[in-house]
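Student: Sharing the features that TrEMBL gives for it:
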DOMAIN    1-117  domain 'Integrase catalytic'
REGION    144-193  region 'Disordered'
COMPBIAS  144-160  compositional bias 'Basic and acidic residues'
COMPBIAS  169-179  compositional bias 'Basic and acidic residues'
COMPBIAS  180-193  compositional bias 'Low complexity'
Amino acid sequence: MVNEVFLRYGVTRRIISDNGTQFISSVMQKICYCLDIQQRFTPVYHPSANMVERKNRDLKTQLSILVGQNHQNWPEKLPSIRFALNTARCQSTGYSAAYLTFGREPRTPYEIVHDFRTIARNENFIPEVTPLLKMVATFQEARDTEVKEQDRQKAIQDRRRQPRPTFEPGDKDKAKLLPDELPSSLLEETVHT
């Protein structure tokens with residue numbers, strides 16, 4: 001965390017994470033204390049609050065498509081997939097993660113693919129460009145997969161979405177505060193004001 005995040009992007013004021021052992025460890029707590037970082041955790045049994053897990057699921061999907069049957073070369077595909085994820089426009093914010101992090105959209109290999117093709121057709125073609133052309137194809141494939149997966153996830157979430165109930169002052173409602181496995185006797189009655 002120190003080398004890969006703080007020394008690259010600066011020390012944050014707050015960290016929101018799941019309850020994984022790497023985040024609740026005494027080492028992490030000491031780091032947060034020494035660097036004056038507020039540490040917050042997502043609720044247990046609340047997957048919609050943990051966007052990292054959703055991105056990991058997207059990453060696995062893209063990785064399985066790009067790797068196919070050749071499971072030896074998956075580390076080579078990670079940078080392209082990471083770049084595709086970071087430059088994809090987020091539906092909820094309307095911006096890419098790269099833009100929100102750096103304040104600008106990075107120039108993508110996809111944008112310069114025509115420049116590469118022009119070079120390849122030219123008489124003074126350099127064979128070293130061929131791996132770059134393959135990287136562009138991999139990047140575009142990862143980007144297309146990301147867009148399809150985002151659309152699929154949105155459709156699934158939209159099907160599950162229910163209209164928000166309306167309450168009038170004085171209405172009573174029971175709100176479930178604990179996971180589904182627990183008995184309904186642990187429901188808390190709420191009076192709306």
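Backbone N, Cα and C define each Cβ position, glycine as well.
Note: TrEMBL annotation is automatic and uncurated.
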Student: Looking only at the domain 'Integrase catalytic' (1-117), what are its DSSP counts of helix, strand and coil residues?
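Tutor: Split into helix, strand and coil, the domain 'Integrase catalytic' (1-117) gives 70 helix, 10 strand, 37 coil.
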Student: Please average pLDDT over the domain 'Integrase catalytic' (1-117) for the predicted structure.
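Tutor: Across the domain 'Integrase catalytic' (1-117), the average pLDDT comes out at 82.
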